[in-house]
Amino acid sequence: MNKLYIGNVSAEASEEDFESIFEQWKIPHSGPFLVKSGYAFVDCPDEKAAMRAIDVLSGKVELHGKLLEVEHSVPKRQRSCKLQIRNIPPHMQWEVLDSMLAQYGTVESCEQVNTDTETAVVNVRYAAKDQARLVMEKLNGYMMENYALKVSYIPDETAAPEGPGVGGRRGFNARGPPRSGSPGMGARPKVQSDIPLRVLVPTQFVGAIIGKEGATIRNITKQTHSKIDIHRKENAGAAEKPITIHSTPEGCSKACTTIMEIMQKEALDTKFTEEIPLKILAHNNFVGRLIGKEGRNLKKIEQDTGTKITISPLQDLTLYNPERTITVKGSIEACSRAEEEVMKKVREAYESDMAAMNLQSNLIPGLNLNALGLFPSGTPGMGPSMSNFPPSGAHGGCSSFGQGQPESETVHLFIPALAVGAIIGKQGQHIKQLSHFAGASIKIAPAEGMDAKQRMVIIVGPPEAQFKAQCRIFGKLKEENFFGPKEEVKLEAHIKVPSFAAGRVIGKGGKTVNELQNLTCAEVVVPRDQTPDENDQVIVKISGHFFACQLAQRKIQEILAQVRRQQQQQQQQLKPQPGGQPPMPRRK
C-alpha cells in the first residue's frame, strides 16, 4: 500500500519537479516518478512515507498553478470494500465516528493509522462494495468541525480479481500480486479485537481527570498506551459520566488505577468525604457468566480481592441501555485487583460468544449475524459492526434466508426440569426479556408428570429469532452450571414436518438423514410408526450441541421449502388454462 497516485498534474510538470517537491518536504521515495498526462505515480519505501506524502502534499502544494491531489494508488480489481478516511477532527469522539460510519453499512473493521499530523486517519473495511462506494460519495469533502474529510480507496488484497487484463486507475495497468503489508496500528486497537473497559466517574472529578488543557488525560494515555474517551456531553446534568478505555487488558487496568488515584487526591483536596467506589459498566449479555451459579464467581472475586461488589438490577435495563453497573468498594489496590478479575470474566464471555458467532457464520452461509444483536452495540467504545437489538417483531437481515418476510417456525426445545426457574427468572423477568430480545414467542409447557426430568420450551418465530432464543437458552444452562465446566451443552429439539415430507427428510434407504448427521454432527431421528397429529404432521428429533442443532434445523427447513415449491409447481400445472382448456401434454 505504498504506491501513490498524484492527480491534477499540470501538463508542464516533469519528473524533476516532483523530485524537487519530495526533497523539499523531506519525503523519501523508492523509485522514479512515472509522469503521465494529468497524473503521475511513485513508490514510497513504507506506509509512513506514503502517509506523510498524502498529509503534507494533497490539496496543499501547488505545481505550475495546480493543487496536487495525492492518494494511494489502487488498481480497479482492489477497489473493493476498504477505505482510508483522513483529516478527521483531532478531538472527535470515537463513538461519534463509529455512529457516522455505521449509517452507510456494516463496518467490519476500523483501525487508526499512526501519522505525524494533528488530525486522525482510519482504515475502514465495509461488508460490501456498494457500501464503501456510498461512503466515497457522501463523506469525501464532508465538513466536520471545520475539517473537510478526505476519503480514498486503499488496496483490498482479499478482493476477487475481475478477470484478466483489468487495468488500474486511468489506464495504469494492474501490477503484480497485491502487497502483503498491513496498515500501521495506532493508539486505538482494531474494533472488537478486545472489549474496552467502561467506568462511571462522578461528574465533579471529570475536570481533574482531564487536567489543565488536557495535560493529565494525555499523560495517562501516553503512560498506559491507551485511547481514553470521556463522554462529557452524555446525559447533561447527570451526577456521573462514562469513560471508555481502549487498550490491552493491562493498559486498561493501569489507566483505571490512575483515574482512581486522581479522584482520591481530588476528593482530599476538595474535602469530599463520601466514599468513591469503582463503577464498571458491562453489557448484560456477559453479567450472568460473571456472577456464576448462585453467585459463586462474584463471591470468589470478593474473597480474593477483599472488596464488596454489587450489580445494578435487571429492572434498570432498557432497549437503549443494555449495560449493568458493577459497583466495587474497597481500597484502590483492592478495587484494581477486582477490576482485573471482573473484566477477565467479561472478556472471556465476549471472546467465547465471538468465536461461537464466527463458527456459526461458517456453518450457516447467508445467515445475517450482524442482525442478530447478540453482542454489545450502540455502546460507546464498541464497534458499530454489530447492529442494535431489533425490537420485538423486527428481524433485520432476515431476507438472507429467502426473499421477503421469512415464515415463522415452531421448535420444541427440551431442557432439564430443574432449569425452568433459571429460564423463567424472578417474576418471569428473564423469559420476558429473552422473548423481547429474540423477537419470538417463548413458553414453557406444563410438566408431563410429577417426576418429569425434562420440560418442553415452545419457541415460535422466524429463523433468526429461533437462533437468538435457542442460543441464549443454551448459554443460560451453561452459565447456571446445569452442565459441567468441560461438558458441552447438548439438548434435544423437535420440529414438526408434514407426514408426506417425512420420507424426503429420511431419504432413500436413510441416505438423506445419514448425510444430515454427518454434515451437522447432530443426531437426527424420524421415529418410525408415528401417528400424524390433527394437522397431519410428524416429529423430527434433533439432538446435539447448539451449532449442530441449528445447522440440522436449517437443513431440514431447506428440504421442506423445496417440497413446498414442488407442490406449488404441481398445483400450477393442474390449474385449468384460460378458456377452460386443460393443459396440453408435452410431446416426448
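Yeah, the Cβs are placed from backbone N, Cα and C, and that goes for glycine too.
Annotated features in TrEMBL:
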DOMAIN    2-75  domain 'RRM'
DOMAIN    81-156  domain 'RRM'
REGION    160-190  region 'Disordered'
COMPBIAS  174-189  compositional bias 'Low complexity'
COMPBIAS  565-578  compositional bias 'Low complexity'
REGION    565-588  region 'Disordered'
COMPBIAS  579-588  compositional bias 'Pro residues'
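Break the domain 'RRM' (2-75) down by DSSP state and the numbers are 21 helix, 20 strand, 33 coil. Broken down with DSSP, the domain 'RRM' (81-156) shows 20 helix, 28 strand, 28 coil. Mean pLDDT, taken over the domain 'RRM' (2-75), works out to 86 on the 0 to 100 scale.
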